[in-house]
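What TrEMBL annotates here:
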type	residues	note
TRANSMEM	12-29	transmembrane segment
TRANSMEM	36-59	transmembrane segment
TRANSMEM	65-87	transmembrane segment
TRANSMEM	99-117	transmembrane segment
TRANSMEM	129-155	transmembrane segment
TRANSMEM	167-188	transmembrane segment
TRANSMEM	438-457	transmembrane segment
COILED	527-558	coiled coil
DOMAIN	572-789	domain 'Histidine kinase'
DOMAIN	812-926	domain 'Response regulatory'
MOD_RES	D861	4-aspartylphosphate
Amino acid sequence: MINKHNNTLEILLAALLAILLNFFPVSLISGSELMFGNVIAVAITLLFGIRVGVLVSLIASTVSYFSWGHLLLLIPFVAEILCVGFARKLNRSPLIIGVVYWLSLGAMVVAFEYILFTDYIEETRNAIIIKYLLNGVINVSAGYVLALAFSRFFNKTHLFRLRLSRLITLVVFVAVISSVLLNSYFWLQEAKQDKLTQIKESLRIDARHVAKGVEEYIYKTSDALALHAKLSEDMIVWSDFQRQLDAIASHHRNVLTMLVADKNGDIVATYPASLLALVSNGKDKFSVENREYFSEAKNTGKRVISDVFQGKGFGSDPIIALSSPLFGNNEFQGIIEASLNLSKFSELDRKLVHPEQVLLILDKKNRVVYYSDNSNYSFLQPLEKSEELNYLNAPNNYFFVDQHGKHIIADGHSLPSLNWTVLSMLPRSVYEQELANLVQQSLLILVLSIVFFLFIADKVAMSVSKPIADLNAALSNANQTGRFEQLKLELPESVLEEYNELVPILNRFSGELAKTLESLNKSLIHSAQVNEQLEVLNEQLSNKVAQKTEALSRALEEAQIANKAKSEFLANMSHEIRTPMNGILGTIQLLQKTAKSPESADLLDKAMYSSNALLALLNDILDFTKIEAGKLALESIEFDLKPLLESVCDSVSTATAENGVTLSTEFDDDLYLSRVGDPNRLRQIILNLVSNAVKFTPDGNVSISVTELSAEELVIEVEDSGIGMSSDALDRLFSRFEQADSSTTREYGGTGLGMSITKNLVEMMHGDILVESKQDIGTKVIVQLPLKRAKESSLERQVKRECTVPNLQGKKVLLAEDNRINQVIFLSMMKDTNAEIIVAANGQQAVELVSKHSFELIFLDIQMPIMDGVEACRLIKEINPAIPLIAITANVMEVDIKKYLDCGFDDHIGKPVELNELYEKIASIF
């Protein structure tokens, strides 16, 4: 317990805290803030009375003058303290009385003050009124909870004794409203930032659009002068220029005057034609020799765009002089000049963002050459060290204060060709008005939500507590009268489970109370113990369920993270392995073409076989991943079995030679070779089986036989005379990452995925696979697949041949590739095509080359620094949609290929690049 002397110190500290809270208000939006000093004043009122509370509120409220420049806060906040204090005196709920005050009298007081003493617009005023309601409800609620929390330190707990219904209402109301207020506050801050971003972006786009219009407006006329100067080169006929000036003027209505001067600066033609007579009046011709647009064009030999100046002879509109030099026999002969009226810039000032928007255009000297009518700028006003440019170059806030004290939001765009600047500006009041509308709506909803939740909380509390209140009333009545024998409890059911369990017990014991009070007391004690045990049991069960749920959630999250990490790792490894593999296989293919001895050719064949084996291992891992994820799709196209099997035999030819294996193929005489299905996956199945057979058959025989079970079903058998398998190894054959035993991997290599992938592919084709094997005798694999017959007339027989080298003599080809080794390999592969190859190190260089040169074919690597292949493809297609683009990448999964084709690529070639495939891709385009 704290004594009365110490209470004075506590009150002074509370008053100081209230002052500090009001001195640092919480910003809701620009110009709208919440002050929480009255939270302390409400708590002080409830603990120590109205006088002390009013004093604290008065002192704290005066601080608002330093932040807002007025004391309009004082009256409604002091009245709030009076309402809370009188509620305490009358034993009414301070919380309810305080909320009712703000929804009635408090709102009217604030509205009266701000209508009478301020000139705010209606939207802003309404938002401020609703803000006061929100601030007041928070003050009352938080102050009440604060007083309740500190009441025991000041021996004031008797002032806060609550019925169960009021306690439930208070807890629910405070919990819900606290979360709603926090969410609303952060949402409003985000909405404020979004609105500012939207306005800034709109101003930026408008400034960019105006800048483009200004540039087109000036250069359209300048280009016309340059074109006429170019057309007149070496064929200058001074008498023709009057007609040319009239023609230019007819197409460029914004030209005020034009002239043609000879190399001495003497004017020989003008527009309008009558101007020539004016400038020629007198003995001497009028000369422009000393004018900037003449001397600079003469000295530099380039077109001239002068500074902006005020018109004199033909009106007072802003003017800019444009000139281009005239040449004959490579010598300066004179100039052609036009004065352009810049008042037409007003057509670009369309105020698309807001009617109060201001457009400002500055020349290279940062002088005003155009300003909106609704602004306070003047023509050629210098803004070299103005707030406008300081804000544009280094903004330290989202607005700046202009020369007239107005708060402005702005954005701009520069014109490098002219060294001009365009500013698009908007008064900050427009932004604040839109925010005020938003705040008005959101705060109104928030206040209504508070009232609604208070009503619901009160109803729920009454519903929950009513049965207990009725029971308490009945027992109290029996206790006061002493007539326990007349106690009859007919209690209704409640939402409280414990209460419902207690009701039948009380109803049963009420009859026995008439016999003995002792028996009743024992029964009540027993009942209380049972209820306590039930609560403990319920709590234990709830804790167990929560723990299990949390464990399952963590396990699921960890599995998802692991799966994602695996996918990203495999994709990265695919790219990182295929990129150097491109250099290896490309080099081997080029060396094979130039091998001069059988020994060299044999070594290169072995290197090619080893590289392809490494690539096959990578493909196995990727296929397994796609199968595991359910993302492997099958094609359904027509193909021929014979070249497919020949391709398989070619692929294992090196391995058969090294192992001393004899490979044979057998077909039924009447076998129908044309089929419909996925030839690539069928080849993968057969190649896996044949590769295994050759690998595990040293110095033996391997045979491939194909028979037709029916018109729509084939049986493929691969049989070898190799080492065979035991029954245990046979059981594990199709398991992932497993082989017969650990020594198999060491002796023969492999990932242990081949047979697992093969089985999955067969099952995806709705077929069956059977393996028969005996150790040291051999193995036989039988695959039964549904493959329909194809129409013979629609199938072109594939004849194995060496792809013809395409002749690209006279054609220009662009390669965008950041890897130096891959650049060299590609150039060597393309050497025999006789094409002119230009190499770019990244996508940005490729786009720049395409904008300057014409190419018949472009190869783009996907992953490059600065700009990748996808972005480069988009930009190149914008420049010339007709240029064929082929993507070169190590990302060979179907989803990646589809993405590249959707982005605009015409074809795709995977790394490592195979020479014949490269020639076939080129041949398909030309």
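Glycine too: its Cβ is placed from the backbone N, Cα and C atoms.
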DSSP-derived helix, strand and coil totals, residue by residue, for the domain 'Response regulatory' (812-926): 55 helix, 24 strand, 36 coil
Contact set, same chain, for the transmembrane segment (65-87): CB under 8 Å, 6 or more residues outside the stretch: 22-23, 25, 33, 35, 38, 41-42, 45-46, 49-50, 53-54, 57-58, 93-94, 96-98, 101-102, 105-106, 109-110, 113-114, 117-118, 132, 136, 139-140, 143
Stretch of maximal Cβ-Cβ contact with the transmembrane segment (129-155) [cut-off: under 8 Å; candidates 12-29, 36-59, 99-117]: 36-59
Other CB atoms, at most 10 A from the CB of the residue listed as '4-aspartylphosphate': 28
Same-chain residues at least 6 beyond the ends of the transmembrane segment (36-59) whose Cβ lies under 8 Å from its Cβ atoms: 7, 11, 14-15, 17-22, 25-26, 74, 77-78, 80-82, 84-86, 88-89, 94, 98, 135-136, 138-140, 142-144, 146-147, 150-151, 154, 156, 159-160
Confidence summary for the domain 'Histidine kinase' (572-789), mean pLDDT rounded: 78
